[in-house]
Every structure is written in C-alpha cells, then in structure tokens.
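**Q** Take a look at the following structure, please.
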Amino acid sequence: MPKLVFARHGESEWNLANLFTGWADVDLSENGTKQAIEAGKLIKEAGIEFDIAYTSVLKRAIKTTNLALEYSDQLWVPVVKSWRLNERHYGGLTGLNKADAAAKHGDEQVHIWRRSYDVLPPAMDHDDKYTAHGDRRYAGLEDSLIPDAENLKVTLERALPFWEDQIAPALKEGKNVFVGAHGNSIRALVKQIKKLSDDEIMDVEIPNFPPLVFEFDDNLNVQNEYYLAPKKA
C-alpha cells in the first residue's frame with residue numbers, strides 16, 4: 001500500500017512575523033528548523049521509507065525536505081524540485097503584515113482574499129521587489145506561466161499537471177513518496193486526492209508540523225489518512 005507523506009515547511013521567518021509570503025523566498029525560523037528535524041524523526045520512528053521526494057523551488061520547503069530526509073536517514077533519496085509545488089502567489093499582498101492589510105482593506109475583504117476558493121487578491125506589479133519575473137529559477141518558463149496573483153483554484157490548476165505527471169504515477173508504481181511543500185499547494189493536492197468540493201476545502205488547514213500521511217490502494221483511492229505522532233512509551 002503506497003504512502004504519500006506531505007510535510008508543509010516548518011515555520012518560516014515570515015510566518016513568525018505574520019506576513020503574506022507566497023512566492024517570496026524566505027527562510028525557516030529557528031523553530032521551523034526544529035519542526036523539520038522533528039518531522040524527520042517522526043518519519044524514522046514510523047518506519048516509512050521513501051523512494052522519491054518532491055519539493056518546490058523555495059528554500060523553506062527545500063530545507064524542510066532535506067532536514068526531514070536527513071533525520072529519517074534517507075538523505076540519499078532522489079529529490080525533484082518544481083515551481084508547480086510553490087506556495088500560492090499572494091500577489092500585491094506579498095510582504096504585507098496580515099493585520100496591517102486588514103486595517104487597510106478591511107477584515108472582510110482580506111478574509112475573502114485569503115479563504116475564498118476563486119477570488120484573486122490584487123495583482124503584483126512586475127517591478128515589485130518580490131516579483132518572480134526575471135528570477136533565475138524561473139528562467140526556463142514562459143513568462144505567461146509566472147503568476148502575478150493566485151487563488152486556491154489557480155494554485156490547483158498549476159499543481160495538478162505535476163500531480164498527474166510525477167506524483168500519481170510514482171504512487172501507482174507502489175512507491176512511497178515524500179512531498180515537502182506549502183500550506184496552499186498541499187491543500188490544493190488534498191482537494192484533488194480526497195475529491196473535496198470547493199466549499200469543503202475551505203475548512204482544511206495544513207499545519208507546519210507534523211507531517212500528513214495518506215495510504216492508497218492500487219487505484220489511488222485513499223485507504224487511510226493520519227498525522228504522524230510520537231509513539232507512546
């Protein structure tokens with residue numbers, strides 16, 4: 001029964017500062033590093049052995065993936081990085097304090113931007129200091145593929161080809177898969193995996209820790225879903 005382990009990156013410096021992050025490439029906080037290490041230890045304790053790992057091209061997810069693999073004694077496992085697993089792009093909200101954004105735009109409007117399935121936040125200008133246009137890590141992409149703002153619907157549309165081309169085939173081959181990604185890119189894939197409605201996914205939250213595990217049958221029907229927890233003494 002193949003397993004898929006989702007690990008949202010450990011707490012980032014901007015999570016700690018309560019800032020909208022999106023595609024901004026911020027680092028893990030000290031606590032976030034500890035969370036990634038603990039994720040690896042939980043994976044080792046659970047005896048889960050991976051055949052392949054996937055992550056985004058943002059350092060907080062890459063570092064979480066590397067630490068989780070290191071502390072589960074699986075640092076040799078191949079890791080594939082893809083922009084399609086990046087966090088949702090928060091557009092013009094990127095870098096803003098969430099409380100300041102609410103004061104400026106109103107609590108209700110910010111809540112709609114954050115939690116609705118298909119409402120886009122304000123677009124990011126191409127000359128914004130956080131723009132992905134011109135960023136070397138996206139040099140191989142057509143400029144039209146680089147977003148200026150995303151909602152969860154668009155995030156799923158972006159992540160879905162990677163699921164269909166890479167992750168799902170690996171699981172169908174019976175491989176155990178690790179995905180180190182982000183709250184909203186994981187939520188998007190969970191919507192696909194569990195066939196959730198647009199309304200149902202709105203109530204789904206993915207914590208920075210611990211990792212989330214799915215077990216599948218041969219047709220990728222979910223047989224079990226749980227968060228890793230320390231074994232009781």
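Please read every residue number as a count from 1 along the shown chain.
Glycine residues also receive a Cβ, built from the backbone N, Cα and C atoms like all the rest.
Below are the features I grabbed from Swiss-Prot:
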ACT_SITE  H9  active site, tele-phosphohistidine intermediate
ACT_SITE  E87  active site, proton donor/acceptor
BINDING   8-15, 21-22, R60, 87-90, K98, 114-115, 183-184  substrate binding site
SITE      H182  site 'Transition state stabilizer'
**Q** Hey, which of the recorded positions R88, K98, H182 is the loneliest by Cβ count within 10 Å?
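**A** Fewest other Cβ atoms within 10 Å, among the recorded positions R88, K98, H182, is found for K98.
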**Q** Which entry in the list of recorded positions, E11, E87, has its Cβ near the fewest other Cβ atoms, using 10 Å as the limit?
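**A** Counting other Cβ atoms within 10 Å of each of the recorded positions E11, E87, the minimum falls on E11.
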**Q** Could you state the CA-to-CA distance between R8 (substrate binding site) and E87 (active site, proton donor/acceptor) to the nearest Å?
**A** 10
**Q** For each of G22, G183, count the other CB atoms within 10 A of its CB; which of these binding-site residues has the top count?
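**A** Neighbour-count leader: G22.
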**Q** Just the number: how many Å between the Cα atoms of W14 (substrate binding site) and H182 (site 'Transition state stabilizer')?
**A** 13
**Q** Return one of helix, strand or coil for H182 (site 'Transition state stabilizer'), based on DSSP.
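**A** DSSP call for H182 (site 'Transition state stabilizer'): coil, neither helix nor strand.
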**Q** In Å, rounded, how far does the Cα of H9 (active site, tele-phosphohistidine intermediate) sit from the Cα of K98 (substrate binding site)?
**A** 19
**Q** Round to a whole number and give the Cα-to-Cα distance in Å for the pair K98 (substrate binding site) and E87 (active site, proton donor/acceptor).
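**A** Computed Cα spacing between K98 (substrate binding site) and E87 (active site, proton donor/acceptor) is 17 Å.
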**Q** With DSSP assignments reduced to helix, strand and coil, which class does R88 (substrate binding site) get?
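**A** In three-state terms, R88 (substrate binding site) counts as coil.
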**Q** Considering only the recorded positions E11, G22, H182, G183, which fall within 10 Å of E87 (active site, proton donor/acceptor) when distances are taken between Cα atoms?
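**A** So the list is G22, H182, G183.
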